[in-house]
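**Q** One structure coming up, written as C-alpha cells, with questions to follow.
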Amino acid sequence: CCSTNCAVCIPCCP
C-alpha cells in the first residue's frame, strides 16, 4: 500500500 498511497497507509512509510 505504501508504494502507491503512503498518506492513506500511515504509519506504513518512514
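Cβ coordinates come from backbone N, Cα and C, glycine included.
Swiss-Prot feature annotations, pasted as is:
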- Cys1-Cys13: disulfide bond (DISULFID)
- Cys2-Cys9: disulfide bond (DISULFID)
- Cys6-Cys12: disulfide bond (DISULFID)
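Relative to the rest of the structure, where do these features sit?
**A** For Cys9 (disulfide bond), the number of other Cβ atoms no farther than 10 Å from its own Cβ, over all displayed protein chains, is 12.
In this structure, Cys6 (disulfide bond) is part of a helix by DSSP.
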